[in-house]
Amino acid sequence: MIQVLLVTICLAVFPYQGSSIILESGNVNDYEVVYPRKVTALPKGAVQQKYEDAMQYEFKVNGEPVVLHLEKNKELFSEDYSETHYSPDGREITTYPLVEDHCYYHGRIENDADSTASISACNGLKGHFKLQGEMYLIEPLELSDSEAHAVYKYENVEKEDEAPKMCGVTQNWESHEPIKKASQSNLPPEQEELLKRYIELVVVADHRMYTIYDGDKTEISSIIYEIVNILTQIFRPLHIRVALIGLEIWSSGELSKVTLSADDTLEAFGEWRETVLMNRKRHDHAQLLTGMIFSGTIEGRTYKSRMCDPKHSVGIVRDHRTRRHFVANRMAHELGHNLGIDHDRDSCSCGANSCIMSATVSNEPSSQFSDCSLNQYLKHIIHYHYTTCLYNEPSKTDIVSPPVCGNYYTEVGEDCDCGPPANCQNPCCDAATCKVTTGSQCAEGLCCDQCKFMKEGTVCRVARGDWNNDICTGQSAECPNKGYYG
């Protein structure tokens, strides 16, 4: 049984609360200074991990008490995760770092169903959390008192004074039919199963980025970890699991052409991916994170509906140094296009000022896809087989840390995971144990109906094009994916 660590944060506010200060995210006009004080409650004799699997923080925001639940993001790395950089003479150096005890977490605020959190606990607490619809950031203050942290609203960060930033993908709605609003949280179980995809992602930092960060490979890696930690959370409502399978730093020079033209840079990166990266690293999609400032206020570029294509399952995104959430938003946007999702129309909404697939990049980035994006994903993406490379779920043993019941991800030793007991809506799953309820055979899967295995011969995935029907076996809740042509 995973022990939950209880950590209490005591808040103390300096007299200069409300004054301006330069923090990692930029110039902040209003902030609170807090002192996290850790109080552990591990059982006697328990082994103390460097970074616990589950943590709980209690603190106050604007004078109101909140409880922040954090769980280690076990979807961040895969077992065959590797990192590659290059010696000054261009020699490839690949390592397989131990990532079991990493320090990147997802979380939620107790009694706030719409809350989210993405936190790095590597050196203090750094990241963001959404509380009562507002985005807050937290980060350590660089003071002699190392325990001091700043908490502030995203809206209090001074915005860049420049022309509106744009996505490089041209609007191309395939249908002029009215968009039917769709909920991201109330899909029937069989539809949730049909939507599941698994993106094994490689992120490449170009030589310009390497130079900007003074050749600090450790810092660059940490930045990419933070970005992908946010990215995995963004895609969860679409039932897409993003796992970082590789990280590459072009430390000796650019390995594909990087220019002011986003189109030329994208094309060159796609060619490099097809001819070089695909031959030495198994993955589904690659993103180039670059220090180049593209012409025309372009922030990113990708190919529309080309996921799984050897040359075109790629994207490029401009780095913004300390604005991790902004970069994660852009990477999610380009991934969305590569999956086939269009820009949002004016009528689309996600409960925020802007959504992931907005054509214009907001200075206050969203972490949510709109109802239109989900509707298009439901209506189009699941009906085509060009994303077949995303069907192969990484082995549950690939995510190399012990299971935690209640994190929505079914891990080794679990039959199901419908989240915390207060949030679980699956009558076939016992949220307290992550086992099927008494009398149930299953709790999830395309071949599971009302907690029972569907009969042998039942079609669980209808043939499209030249593909055959997939058929239930009667012995399992999983829908076999034969993956062959008829």
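Cβ atoms are placed via backbone N, Cα and C, with glycine included.
Taken from Swiss-Prot, the feature active site covers GLU334. The Ca(2+) binding site annotation in Swiss-Prot covers GLU200, ASP284, CYS389, ASN392. Per Swiss-Prot, Zn(2+) binding site is recorded for HIS333, HIS337, HIS343. Residues or ranges marked as disulfide bond in Swiss-Prot: CYS308-CYS389, CYS348-CYS372, CYS350-CYS355, CYS405-CYS424, CYS416-CYS434, CYS418-CYS429, CYS428-CYS451, CYS442-CYS448, CYS447-CYS472, CYS460-CYS479. Taken from Swiss-Prot, the feature domain 'Peptidase M12B' covers 197-394, and the record attributes it to sequence analysis. Annotation comment: Swiss-Prot describes 402-486 as domain 'Disintegrin', evidence class sequence analysis. Per Swiss-Prot, the feature pyrrolidone carboxylic acid maps to GLN191. Swiss-Prot lists 1-20 with the feature signal peptide, giving sequence analysis as the kind of evidence.
Separation of the C-alpha atoms of CYS434 (disulfide bond) and CYS405 (disulfide bond): 6 Å, rounded to the nearest whole number.
Of all the disulfide-bonded residues in the list CYS447, CYS460, CYS472, the shortest Cα-Cα distance to CYS389 (Ca(2+) binding site) is found for CYS460. Within the same chain, the residues at least 6 positions away from CYS429 (disulfide bond) whose Cβ sits under 8 Å from its Cβ are ASP415, CYS416, ASP417, CYS418, LYS435, VAL436, THR437, ALA443, GLU444, listed in sequence order. For the pair formed by HIS333 (Zn(2+) binding site) and CYS355 (disulfide bond), distance between Cα atoms is given as 9 Å, rounded to the nearest Å. Taking each of the recorded positions CYS348, CYS389, CYS472 in turn and counting other Cβ atoms within 10 Å of its Cβ gives the largest count for CYS472.
The DSSP breakdown of the domain 'Disintegrin' (402-486), given as helix, strand and coil counts, is 0 helix, 15 strand, 70 coil. The local packing around CYS424 (disulfide bond), expressed as other Cβ atoms within 10 Å of its Cβ over all shown chains, amounts to 18. Using Cα positions, the member of the recorded positions GLU200, ASP284, GLU334, HIS337, HIS343 nearest to CYS308 (disulfide bond) is identified as ASP284.
Looking at CYS355 (disulfide bond) and HIS343 (Zn(2+) binding site), their Cα atoms lie 10 Å from each other. In the three-state DSSP scheme, CYS372 (disulfide bond) is classed as helix. Sequence-distant contacts of CYS451 (disulfide bond), defined by Cβ-Cβ distance under 8 angstroms and a gap of at least six in the same chain, are PRO427, CYS428, VAL436, THR437, GLY439, SER440, GLN441, CYS442, ALA443.
The sparsest Cβ neighbourhood within 10 Å, among the listed disulfide-bonded residues (CYS308, CYS355, CYS448), is found at CYS308. Ranked by Cβ neighbours within 10 A across all protein chains shown, the disulfide-bonded residues CYS418, CYS447 are led by CYS447.
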